[in-house]
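Student: Okay, here's the structure, questions in a sec.
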Amino acid sequence: MQSKTSETGAEKIIYQGLKNLDKYMVYVIFVIVLIFFAVWLGSNFFSVPNIMNITRQTAMISVMAVAMTFVIAAGQIDLSVGAIVALSSLLAALILQATNNVILAVTSSLILGAFIGAVNGFLTTIVRIPSFLTTLGMLCSVQGVAMWLTDTKAVPIMNKTFNFIFGMGMIFGVPILLFWAMIALLIGHFALKYLPYGKKVLAIGGNSISAAYSGINIHKITILVMTFSGMAAAFAGLLYSGRTQTARYTYGIGDELSVIAAVVLGGTSMSGGTGNIIGAVIGSLLLGIINNGLIIGGLNVSQQMMVRGAIIIIAVALNNVEYLKQNIEYIKRNIKELKKNQISRFQ
């Protein structure tokens, strides 16, 4: 009797541990990575200039990761965000060059990003092309337009107001890019946890058929999450431009993978139905810390790419913890049924 009780207790502990593993994994990894780089690089890593540099580097990924959390939570994917970053930054730079009007440049870029996102949503919901293929095709098309628009040349941004607001500014000694990332985090967290919109997104990702029967407009919500993702990518493009005071077609290349990895590391399931905005931002910061640490450690670009690829694979593997939990629950049910059958057979 005692062994039976202890066995049940052990099962509960293991199951509870697996249940919470995906929620807190990013924080555990975050602490481990910090300790590793602190030992390896020493005071160079934790210097104030380097910490400021990390916050600047990760702000763009954080903004996109907030919006991508909604996309993945709804059971979709958006691979076009990196290309939207490039095109929106170039559009803003060209408008500033022609008119020097910051409001017009910013508004036009955000509208462009929202439009591309809405097209992604329309093709995914109405035309019924899987979002992976839709956004992959859009990535290639938008990247091509960005290259063609300026003939692959960089466009300098001389407007001091734009550069201050979207990159170079400091408020109370803190980079303005960090404030933008925090604003995105607060808006995203509030929308996902407390607004009906967030609940609908999670419902669609969890079970789209049940969501449709409960009266949720799946097409509308899906188009909205893709639209906001495009807009967030466009805003990230503005941050890239403001930080470097230049717009280039190369901005955002590969960012889609970093953004998805950050979201998954943060505890959002690739199968949809769950979302963690704070975790996604911590995931972005984690990737930024790793990237920064590798650069300070002297690794070349190819080595950095290999490590980044390994991190993405690990992120997706950790995501499968959810399936492991489901399998354990399935096995437990089968064991109970087996025990019942054995007892009834001997009676």
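For all residues, glycine too, the Cβ spot is worked out from N, Cα and C.
Summarising the annotation, TrEMBL assigns transmembrane segment to 24-42, 54-73, 79-96, 103-123, 129-150, 162-192, 221-240, 277-299, 305-324.
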Student: For the transmembrane segment (162-192) and the transmembrane segment (277-299), check the count of CB pairs under 8 Å (sequence separation 6 or more) and say whether it reaches 3 or more.
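Tutor: Answer yes, regions in contact.
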Student: Near the transmembrane segment (221-240), which same-chain residues lie under 8 Å Cβ to Cβ, leaving out any that are not at least 6 residues past its ends?
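Tutor: Those are 59-61, 63-64, 66-68, 70-71, 74, 76, 78, 80-82, 84-89, 92, 106, 109-110, 112-118, 120-122, 124-125, 131, 166-167, 177, 180, 184, 197, 200-201, 204, 247, 251-252, 255, in sequence order.
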